[in-house]
């Protein structure tokens, strides 16, 4: 070929006896595109066919639309091997191999000029289709032109390719043929398609089922200039032949004794039982339409994703579903994007949504090793050179939930939310979905999508970022900042997101965010009045105000054991501590205030904060005892925010806990409640804040106590009165149900939503614990209907079992534990055209009828929470010994909550009559929310069985699906929720870590040294 370098050799130079392999696209380094030379005239031993030399471009139809180049003087076959799966083979000796092909009933692909000829020996009339029409057996050759589509049915699976184009290497390799030749080829292809349509029994169905979904084919048919006169072969731009999809990036030679005279390239396999429409949809359907459509939602309901099998006439209607490009449209106006997902296909996302190279995109995703790692360098990755502003973030899992409280052992935890935040100059769109960032979940599997646009403020409002839940008033911004802050807390470069969110107005939010963040939680303490606050220069005596109060942070005091276990001074220090703690006044929650003091003269840490105990009625710094210090990771954000005057900090401890630790009676940490209030400069933050303050602000937002999971559910729904006698439905549909689900957890969940056992509302108000819903009530009459598909429904799906194998999770022992309760109901997709597509939704709804015959009311949840303790939190029983930190011992959800996963969802409330949501009162009622499943859902019959992993394995075995069809690789969504061990592991309080001891000992040494120097001077 003219202009071709000498680095690559033509395949025509290969000896006929050399076995060679065309490697799959994933095996190629995407750095080169092979240049092909004209063939020499003396390669008589090569397998060949008559006609001019050139290359056919065959585009495979499927989720991975790979491109294969077939040389026109070679013979190929498409065959099946139980050991290797489906293969495209080079036939090294045509005369000898042709007889074998007829016995094996393979497809034979040969060429004549610029026409690809297909021969087959299948007896089934529907085994091979060309342009949708079946070819009858007999082996007669069929000529294929550019644009023709071929599909092959073997063992219930259909494979296919499109003849995308033919590139000629004749005439010195300068031109590819005339435009007239190309037009003739296209006209012939079009004539064949028209004839196929006219001869079909149902032309409309034929058009719908054989819809050309691949954008590459469409482009090849439209861009005629690629093959027109004057375009040299070696100048075809790389974007028209994407390197990562081409099997000709480079040739690798391998001598393999076990492969004689032939070698193979694996075709991407379609799922068993899946028809053409299903998998061609992975190429995004009508891509151009998706990228020019926008979508609107006021946040009062959720929608479903658009499936590629939906009827074409419904595609323009939003109720048929929305696409990812629609949600991002117009991409050109985006300033930055934040995404949180469990699994991801970033390359697909960038290509499918046409993300510009300059656009900053932050993607928080799951990686078990990185999320458990203590190394800060494991928190991020930037793997895309062509998109330098894309940053992958791996949120950290806390050590308190690790096995043995040691993160080296890892534990049960999962980063499982599905969140997208789109920032524009005039608005911020928040999208909460149940779909991960992978193509199959957006194209083939039903998922929920909620979104709402929020307008830009005239000036940032930082108070909204720290607002508490107050009934109908939205705390959407505070919940959003807290959740995003927890994901990027250890990535300072991403802290600007906190500042950006403050620029938008979220007061009109249509729902309430529900977040779960891994950790071990205790109930948030009530507001406590303080007298002293932290200051950079001196301890300030000031009365706190509830109006200025923003929240609290649960932390600890480090270094206490070191201070009081020094033999030379232990006795006097312990005696002084006992005296001071004896004089301290305890409040109603058993805590007492301590003094927080900045230590600006300690070289080891300029942010160090000391914790002092003193008589607060007549405070004198010299007449006090130092307990220890704030932990380093807390002091690093407390000190800067205090020094700037943005916030005020005061502290409380439990005196008995401090004495026990000082005397060595326990090795557990001494807890400290850090109270945060608005500082003197809080109202001026927007004008004073600098970039160096943003990481500290992000840490504060992530650390402020917010009720997670079940407690958040209870916090929101307890504001409304839900009349038990008027309940009509209470259901939960999830793709995964936890291992440790039992009547106790179900009762906790129902109680958190307001479920009561007695209908006497007045009595419930007089004694909140009377009438609570318990496991005993749950066993007698299940409160919730759990929707999960039966194995028969999964087996009858359009794509068979394969799509559901890595999507659905209901442990067999959970099913056996609960099958007699009657809690399970079949999950039938709705509307009807979604039947046959798996559901990945996580939707709960509790509905009530109106006494006066009006509209129904209630609440609906959608998001990422599966029905499991790992997602919602496992309520833990109080410890066996009295715990002075148990401030609200009688709460329905228990005294502590163990959460394993990062999760995010939204609650949409249609309040009972007379309980308006104030600003949200114009929202639609619960009847305006269309659920993705049939209601009422039919209860399992005696013979029904859910699609447990065991049931699906048995179904695969019964169907005799080859193992090669069952890929073990998955981009689906089964979080690790084997959480039966949670209660035992979390029943102990954390101990002081070794690095905390070293930090405190270093500070103690420098404090003692400075005090000695002060006395000497």
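Including glycine, each Cβ sits where the backbone N, Cα and C put it.
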942-963, 964-985 - the range that TrEMBL marks as region 'Disordered': 964-985
Spatial neighbours, same chain, of residue 418 (substrate binding site) - Cβ under 8 Å, 6+ residues apart: 340, 341, 342, 432, 433, 434, 435, 436, 437, 863, 864, 904
Residue 416 (active site, nucleophile), number of other Cβ atoms within 10 Å: 29
Number of helical, extended and coil residues in the domain 'HIRAN' (559-676), per DSSP: 42 helix, 34 strand, 42 coil
